[in-house]
Amino acid sequence: MLLHSYNSRDPKRFNFYHNPSLIYPCSSSWFKVNCNSRTLSGDRKIVVNGKRNKYGGVLPSILRSLESGEDVEKALSLYYGKLNPKEQTVILKEQSSWEKVIKVFEWMKLQKEYVPNVIHYNVVLRKLGRAQKWDELRLCWIEMAKKGLLPSNNTYSMLVDVYGKAGLVKEAVLWIKHMRFRGIFPDEVTMSTVVKVLKDAEEYDVAIKFYKDWCVGKIDLDSFIGSDDGSSLEPMSFKHFLSTELFRIGGRSLTSNVLPVVDAENSVQKPRLTATYNTLIDLYGKAGHLKDAADVFADMLKSGVAVDTVTFNTMIFTCGSHGQISEAESLLSKMEERRISPDTKTYNIFLSLYADAGNINAAIKYYRKIRDVGLCPDVVTHRAIIQVLCERRMVELVEVVIKDMTKFGARIDKQSLPVIIKMYVNEGLTDRAKNLLEKYQFDGGLKSRTYAAIIDVYAEKGLWAEAETVFYCKRDLVGQKKDVVEYNVMFKAYGKAQLYDRAFSLFKSMRSNGTWPDECSYNTLIQMLSGGDLVDQARDLLSEMQGARFKPQCTTFSSVIGSYSRLGRLSDAVSIYQEMVEAGVKPNEVVFGSIIDGFAEIGEIEEALHYFHVMEKSGVSANQIVLTSLVKAYSKVGSVEGAKQVYQKMKDFSGGPDIIATNSMLDLYADLGMISEARLIFDNLIDKGWADGVSFATMMYLYKNMGMLDEAIDVAEEMRHSGLLTDCVSYNKVMACYATNGQLVECGELLHDMVNENLLPDVGTFKVLFTILKKGGIPSEAVSQLQSSYREGKPYSREAVLASVYSVVGLHAFALKSCETLLKAEVVLDSFAYNVAIYVYGATGRTNEALNIFMKMQDEGLEPDMVTFINLVGCYGRAGMLEGVKRIHSRLKYGEIDPSESLFKAVIDAYRNANRQDLAELVTQEMRFAFDTQSDPESEREEVSLSISLIDLLAKD
């Protein structure tokens, strides 16, 4: 519903003036038939919203004196003996407070000429009932009985009304039973009042039965109100005691001076009042008895009972609320034909109906039509149109409505203010939201609950600073303190921003500011701190909460237990669990699931099973999460049979085992090398479309571990093309698989995709990248230099590694782009960065640029190192610059450069690239004399280490 209060979540609480929320199936034919009935053809003028009567004589003077605060005795003594009973009634009715009514009534009763009058008591009882002053009402009732005044139908109707509006529905109905003891049968007004009270309490069947019984002269409410002693009612309270005491008084024998009352018992009768028919139509509509509602409407027309605006409003809403808007429009036409003028409520209904149907243009049309026909939009109108426009974020139209309201002197309703601010915040217009709030505060103060709703808007969007500004803003209402709900939503704002220290500090300051925390405060903070793994602080608050005699929710205990379990502090988790049980809070599946999962993570299968059995004995059914934890526990200890039994049990659930449980089984089979079983589960996941990154990574690990490299690559390819590479871990695993198989180009492409997805390579990524560099043939000195710069966190070390990888796998365009980033750096680069740039430009044949970079390196005062010479020799060789190669060869030969196998090989390759095989053979002989040609054990160990590291990368974390 669009016209509900801001904080209401229950559509049944929607109160639309006469409350015509009739939601039920709607026939399109009977409305047409009834509205075309000839009984509508007569001319009958209906008067609505009548003005207050003007009093003559001495009454205006007396009322002004009493209203001005003048003493009751002084104001009335001048007219001693001159006021008749009717004037006395007027004076009582016009008093604004129940205290003033009592004072005036006491003065009247002290006068000698005063004759006790049931009407006067009715007025006083109504005032006391509306103020919910039940003790005073009881005393007034007793006094009335002592004076021998018999309650009338009006008395009982009034009592039913005030008790019903106070929410005391059964007590209200008890008055009817009291009435029957007096021998009085409800008249139509009383019957209608009872029906309305029961209708508003959603006791539709009881209301319908009461009405039908009344029509045949019978009253039977025992099934609803219980026995005479009230034993079927809720636990005894002072209100129930009042009802039973009144019941005893009402049960006394009638005094002899009481006149007999006309009783309509056992006589057939029909309603004659328009208001009664309106109530009945509303009742049947809300009860879902559409045919009965139609029959009442038809009977109303046939009986010649005048239909009024409320009747049509109710019927219009009845049609429209079930999608029959064309029928509602037809009723509006019939209404105008009957010269029954639609009121603002009529157009509000159409505004709401079209808004619910998504027809915004029609809703706006009816909003504008209100003024077009000479009516004024009311609070409900503005609240409705603002709500529907804000929900659709139609900022300009909302501002037009606000401007229109201002023009005619209307203010934004306090319930609409948070709605508008929410729209602005959702649209990123925080400045407009701030300005609107400041303007509203300037025009008049806001209540704490409204501030809380606005703070909550910011909290939901994670705008803690803006929420804090509203929380600490200056209040216009003198002496106004912040309600606890403001603190609670501020805790929420801090929690979403993970500002736990601020939240805790605010909590500690509450009492000094005159606001005491409630259960919600404690529950919110404990759950927040637990979620941030500040579990020791959460536990202290839990103890404080219990010390304040608040009972923590199950979710609060659960959050603390869950936090301890995540941190591996299982003994503390069990301690809180025992504390929870001792506090009388029944653990649910989430609590048991947290404990079981905690033990499963550390492989404590016995403990996990123990709490699983405790859960079953407690009557808590195991859900998928709990059983998944058990599968995980069995997997940790390698128990295939135990895991299979639990997994089989999960198949009884709707949808079968979830992806987490299935991946746990897959992981277990992979660890045990059970290829067939794993493949069966994996294929099933693929068929269902459930396979995720974990599933693929596990299968890659299994195949790689079993030496089935082709199958591992196939899984990697499938994962790559399935869109499951969403984080660094998944990219790392696939790149590791490709690297193991020597598919280095694919590794480079994946790296580029990863960077384009704005995923920053992590430690695992660089572990794979260094492996790729080694497999790609880059000299070990260059790899070591890059590894060292990366470990030390030198500037642009990451970019240098990426450029080297792109270059070694042949993705030269990507390599050059990365080098441009290096060379444009505003910081002084180390040798490793220049070496990478020389290598990248030399590998692409851009020799001049490579040599210019070498010259720039020397200009910066950096001496060439071994990696520099290796890269320069490669650059000279690819460019056919034989003299450059000879120069470095000569320095190597005569000991000016330390001997390096990598440099010797670079010189040999350079001579061969320059077609000087003779010189290449000469350098080969020199290298043999310089180095032992036997296999290097250290190199062999490096190859073994490389293979193991790749397997580790493919393993599940």
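Each position is counted from 1, following the chain as shown.
Glycine too: its Cβ is placed from the backbone N, Cα and C atoms.
Features as listed in TrEMBL:
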{"type": "REPEAT", "residues": "117-151", "note": "repeat 'PPR'"}
{"type": "REPEAT", "residues": "152-186", "note": "repeat 'PPR'"}
{"type": "REPEAT", "residues": "273-307", "note": "repeat 'PPR'"}
{"type": "REPEAT", "residues": "343-377", "note": "repeat 'PPR'"}
{"type": "REPEAT", "residues": "483-517", "note": "repeat 'PPR'"}
{"type": "REPEAT", "residues": "518-552", "note": "repeat 'PPR'"}
{"type": "REPEAT", "residues": "553-587", "note": "repeat 'PPR'"}
{"type": "REPEAT", "residues": "623-657", "note": "repeat 'PPR'"}
{"type": "REPEAT", "residues": "692-726", "note": "repeat 'PPR'"}
{"type": "REPEAT", "residues": "727-761", "note": "repeat 'PPR'"}
{"type": "REPEAT", "residues": "830-864", "note": "repeat 'PPR'"}
{"type": "REPEAT", "residues": "865-899", "note": "repeat 'PPR'"}
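Within the same chain, residues 779, 781-782, 785, 831-832, 834-835, 838-839, 841-843, 845, 847, 850-851, 854, 857, 906-907, 909-914, 916, 919, 923, 926, 930-931 sit at least 6 positions outside the repeat 'PPR' (865-899) and bring their C-beta atoms closer than 8 Å to a C-beta of that stretch.
For the repeat 'PPR' (483-517), the model's pLDDT averages out at 91. Beyond its flanks by at least six residues, the repeat 'PPR' (692-726) meets 659, 662-663, 666-667, 669-670, 673, 675, 678-679, 682, 685, 733-734, 737-738, 740-741, 743, 750, 753-754, 950-951, 954-956 of its own chain at Cβ-Cβ distances under 8 Å. Sequence-remote contacts of a segment are chain residues at least 6 beyond its ends whose Cβ falls under 8 Å from one of its Cβ atoms, and for the repeat 'PPR' (553-587) they are 519, 522-523, 526-527, 530-531, 533, 535, 538-539, 542, 545-546, 594-595, 597-599, 601-602, 604, 607, 615, 618, 620.
Distant neighbours of the repeat 'PPR' (623-657): 589-590, 592-593, 596-597, 599-605, 608-609, 612, 615, 664-665, 667-669, 671-672, 674; these residues of the same chain sit at least 6 beyond its ends, with a Cβ under 8 Å from one of its Cβ atoms.
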